[in-house]
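To keep things clear, I will list the structure first and then write my remarks on it.
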Amino acid sequence: MESEKVGEEETAIVGDYVEIMKTEGKSKGMKSKFSKLFWHGGSVYDAWFSCASNQVAQVLLTLPYSFSQLGMLSGILLQLFYGLLGSWTAYIISILYVEYRTRKEREKVDFRNHVIQWFEVLDGLLGKHWRNVGLAFNCTFLLFGSVIQLIACASNIYYINDNLDKRTWTYIFGACCATTVFIPSFHNYRIWSFLGLLMTTYTAWYLTIASLLHGQVEGVQHTGPTKLVLYFTGATNILYTFGGHAVTVEIMHAMWKPQKFKAIYLIATLYVMTLTLPSAAAVYWAFGDMLLNHSNAFSLLPRTTFRDMAVILMLIHQFITFGFACTPLYFVWEKAIGMHECKSLCKRAATRLPVVIPIWFLAIIFPFFGPINSTVGSLLVSFTVYIIPALAHIFTFRSATARENAVDQPPKYFGRWVGTFTINVFIVVWVLIVGFGFGGWASMVNFIDQIDTFGLFTKCYQCPPPSVAVSPPSHGLNTTAAAPLHQPFNHTRRH
């Protein structure tokens, strides 16, 4: 009873402190009702929109490609499975964040001008070695997560305007996405998160309805899974889909009451599944094995007004997701050069610009839309958002004293501490063997295959040759597309 009372008091400390932040933010930071409404968010709803919007992003367009590698049944089951795993580890991260923050605030540490990040949580709870490992994996994942958004922008805009090749579009969108340096923190993504989720919702249901109205192409085949390389490549893309919580700590820190985060990611995941499952299944049903050579679902659907609208909305959303992935990198860089607590927005924006340059450069080197998702998922996401959080929770609460004094006690329906540790061990073993082991092998084989086929710095990845005529645009969902050709330029080797 005494330990529970202490836990409640500690949690109250976090809540009271955040309420002070909220009051000060209202009185000093917000100059108008407009900015309060659209700019400065910290509610549970803001966190939910941020989690849901950040989770789905451009992967919505690659999931049909994954279904062609996995087959319909495995595709659906793995989405459900990894959705649950991702929700659990997001919950674990939230527990560790509240534990760290409560301990620090009892020591009178002031976080009002400082954004807590995952590597700092690891440092405070487990020491510098954990901090260094967490920092390395998290920054590398967020770096390539930003790279993927640039690649997706170039891939999508090409289906509206092919007068420029994808590499040129990458240059253009790199400059556009660099403007995210002016967004101070996750407090300021309120309107963007809301709009981003509306955009992906439209795109998902466009893919579903357009595929069903289009119907199955002549001679459609659904042979997947056929090869282990393809199977585990698709599986790791789904692992990546539900591993978007590398920014969980930053999203929590932007909340007025971060201890209310616990179930937010699970609810966001459930909503995301209403988008990903119907759209991936419908596109795979309509086009089958053709998706093996078309990693972007837009490439198989006929050009219509509805498709062009979906492309434009996804472009805007990818700009938002670029900001989500890059903002934690901005924070790390600011802390490294001593600018994190600077109150001048323009000075902070100027110091952030060097972060964008390597992202821009890597997007030009590896423009492999689709295969890069699986590679990042197996090598980086597996550790960043599954293995490290589960292990960190086990080691943080390995002693009886730590468990007794924990701010959040595991609920009965998880089996208390024994059940929680068992789930964590299962996740570590599963993701290490299946996600990192088999998934890493398959993804690297596929990724190297793309390099062998297309080369680095390829000008236009999976673009049709000039001789292929482009159908004139039409204005309905039910327009029949000419069957895309299986050309060598578009080939994903099957082992």
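Cβ from N, Cα, C; glycine included.
Range 229-251 is the one annotated as transmembrane segment, of 45-67, 229-251 (source: TrEMBL). Of the candidate ranges 194-217, 263-287, 417-441, 417-441 has the most C-beta pairs within less than 8 angstroms of the transmembrane segment (376-396). Tertiary neighbourhood of the transmembrane segment (309-333): same-chain residues 50, 53-54, 57-58, 60-61, 115, 117, 119, 135, 138-139, 142-143, 145-146, 149-150, 152-153, 156-157, 159-160, 173, 176-177, 180-181, 183, 185-186, 189, 192-193, 195-196, 199-200, 202-203, 206-207, 246-247, 250, 298, 340, 348, 351-352, 354-356, 359, selected by CB-CB distance under 8 Å and a gap of 6+ residues from either end. Cβ atoms under 8 Å from those of the transmembrane segment (417-441) belong to residues 85, 88-89, 92, 228-229, 232-233, 235-236, 239, 374, 377-379, 381-383, 386-387, 390-391, 393-394, 397, 403, 410 of the same chain, restricted to positions at least 6 beyond its ends. Away from its own ends, the transmembrane segment (135-157) comes close to residues 57-58, 61, 117-119, 166-167, 169-170, 173-174, 176-177, 246-247, 296, 298, 311, 314-315, 318-319, 321-322, 325-326, 328-329, 332, 358-360, 362-363, 366-369, 372-373, 376, 380-381, 383-385, 388, 461-462 of its chain (Cβ-Cβ under 8 Å, at least six residues beyond either end). Among residues of the same chain six or more beyond the transmembrane segment (194-217), those with a C-beta under 8 A of the stretch's C-beta atoms are 49, 52-54, 56-57, 60-61, 64, 275-276, 278-279, 282-283, 285-288, 290, 297, 301-302, 304, 306-307, 309-310, 313-314, 316-317, 320-321, 477-478, 480-481, 483. Remote same-chain partners of the transmembrane segment (229-251), defined as residues 6 or more beyond its termini with a Cβ less than 8 Å from a stretch Cβ, comprise 47, 50-51, 54-57, 59, 62-63, 65-70, 74-75, 78-79, 82-83, 85-87, 89-90, 93-94, 97, 115-118, 121, 138, 141-142, 145, 185-186, 261, 265, 269, 276, 292, 324-325, 327-328, 331, 370-371, 373-378, 381-382, 384-386, 431, 434-435, 438-443, 445-446, 494-495.
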